C-alpha cells in the first residue's frame, strides 16, 4: 500500500486513545535524589506528582538539575535514592530500554545511517511489530508531525525543524507511557521555535500524553505547560500553574527568574506595610510583622503619569515620585528607568503610534497596586 | 589547500610526486625485462620474471605467511583496539590518560628499538621464528593505529544517538549492532586496511624475529636482493604495488560511500 493510499484510508485516525479520567499521580517522583562523588547533590529530594495527560515544564538555569531529573526518569542516569513510578508501577531500577518512555533530544539524535521511515520504525521493530503494521503506523506518525511522504529521505536532507518533527514522531510512534522532551526547541531559530511550540503542545493535548518538558526558556514553560516546576540548586523552588508561578512566586528566586522584577530591599513595619527608603507602602507581608525583607515588583505593573501632588493620588495604590534616567525603546514596549531616590525602578509602557510620552529628566508619578508588590522575608 | 594553487607551488607538488614515484617508474619497465641480470634499460622484454616469481618456492611460501599474519593481526588488532578506544572515549576512569599513552607509545618508538626489545623478550619466550611471535610483534605496531583511528571515529558519534536507540527499546547489544557498528564502519575499514598493510609491509621488526623456517615476504625479498641480482624483485615489487593500490582503491570506494551516509 502506498503512503498516498494510507492517507486516504486513515485520514485522522488517532494513534492514541486515552480517554480515561485524569489520575492525579500518573507520574510520581518521590524523594528522588542524585548525588555525585564529593557529596554534590545534583537533584535533592525531589517530589513531583503529575496527573495523566498533563504537560509539566521543568524550568531553571543551567546546572539546576532539570536535565538530570529528566535523564533519571528516562533511566539514562541512575538515581541515588528515591523512587520513580508510572501509574504505581515502580520503574526506578528498570533499564531504560524497558521503560516505554519516549525521549526527544535537544540535538534530535536521529540515526544518520537510516531513512526517516527507518528511524521512526526503529522502536516498532524493537517491539516486534510486523513490517506491514509498522509501515502504516510510521506513515500515520509522519502525518501527525506534518511530514507525510518524507519517509524515504535521509535525516541530513532535512531542515532542523523537520528533523525535530521526525524525532517527535519516532518517540511517539511506540505509544510511550510518558513523553520526555529535553530542550527540544533550543536549536531552532526564533520563528520556527514559535511554530514548534504550538505544534508540540497541540499534539501533546490531542494524544493526551503525560509529558515532561525541560527548558531554560520561561516563555516556553509559561505558554506550553499545564504545570511548571521551577528548579534551583537541585530542588524544586516552586511547582504550580504558569499563573501561580508568575503572579504568586513562592520565593525571590522564582520572582526574579520567571519574568522580570524590580527587587528592592525593604523593612517590614507591620503585617500590611513595608518601608522602602523613607516611604511606607501598604502590601501583604504574608504574616510577617518585622524584619528585613525584599520587595519584587513587575515593571509593567507600574503605572506612570506626569508628576502631580501625591495628596490627589488614590489611597488604594502605592505611589512614589521619580525622575526618568533612561528611555529604552524595545518595540512592543518602552522601558523607562526611574530614579526614585536611592534606587532605580524599571518600568514598561506599551508603545503606540503616537510615540512615547516621557523623556529623560522628566519627573513622573509611579503607581502600583499593593497586591502587585510581592514581599519575601530576608534581605538580599 | 584553500583556493587555487599558484604556478610555482604546483611545480613543487609535481616535483615531489616525481620524487616519490621515481622508484616505481624505474621498477615497472625493469619488471618486464627478460635479461638474466638487472640492467637499465633492459636489453630484451618479456614476462620471464613474472613466471619465475610464481615458481619460486621460497617467495610463495613467504607470501602465504605474510598474508596469514596480516589477516590474523588485522582481526586481533581490531578486537583489542576497538573496545579499548571505546572505553577510553566513553568512560571516565583513573589512569585513562596513562593507558591511552601506553597503548599509543609504540607510534613514537623507532622500529629498530622496538625490534631489538622484542627480540630480547622473544628469545626468552622461545617465540623467535614462530607464527605466534610474528603476530604478537606486528600487533604491537598496528594496534596503536587502530586505537587512534577508532578514538576519532567514536568521538564523532554523539552519545545521544545511542541513547535514542536505548529509549526506543534496544538493549545494549542491539544498540551496538544496529547503531554504533554501522556508524563506525568507516573507522573499521580504515583501521583494518591500515593494519593489514602495515603488517604485510613490516620489514624491520620482522628481520629480528623471522628465522629460516618462518619468513615474511618483505624479509624474503630482502634476502633475495642481497644474494641475487636478477629482475625478479622488480616483478615482485610491481605485483605488490598493484595489490596495494587495489586495496586502497577499494577502501576509498567503500569509505567514500560510507561517508555519504555516515555524517549527520
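In case you wondered, yes, glycine gets a Cβ from its N, Cα and C as well.
Per TrEMBL, the feature domain 'ABC transmembrane type-1' maps to B:63-251.
According to TrEMBL, the feature transmembrane segment maps to B:12-32 (among others). Packing against the transmembrane segment (B:12-32) from elsewhere in the chain are residues 5, 38, 40-42, 45-47, 49-50, 231, 234-235, 237-238, 241: each is 6 or more residues past its ends and has a CB under 8 Å from a CB in it.
Per TrEMBL, the feature transmembrane segment maps to B:63-86 (among others).
For B:98-122 (among others), the entry in TrEMBL reads transmembrane segment.
Within its own chain, the transmembrane segment (B:128-147) has Cβ neighbours under 8 Å at 65, 68-70, 72-74, 76-78, 80-82, 84-85, 88, 100, 103-107, 111, 114-115, 118-119, 122, 191, 194-195, 198-199, 202, 205-206, 208-214, 216, counting only residues six or more beyond its boundaries. Summarising the annotation, TrEMBL assigns transmembrane segment to B:128-147 (among others).
Marked as transmembrane segment by TrEMBL: B:187-211 (among others).
Counting same-chain residues at least six beyond the ends of the transmembrane segment (B:231-251), those with a Cβ under 8 angstroms from any Cβ of the stretch are 24, 27-28, 30-31, 33, 35, 37-38, 42, 49-50, 52-53, 56, 59, 189-190, 193, 196-197, 217, 221, 224-225. Sequence annotations record features per position, and here TrEMBL assigns transmembrane segment to B:231-251 (among others).
Counting same-chain residues at least six beyond the ends of the transmembrane segment (B:98-122), those with a Cβ under 8 angstroms from any Cβ of the stretch are 84, 88, 128, 133, 137, 140-141, 143-145, 147-148, 151, 204-205, 207-209.
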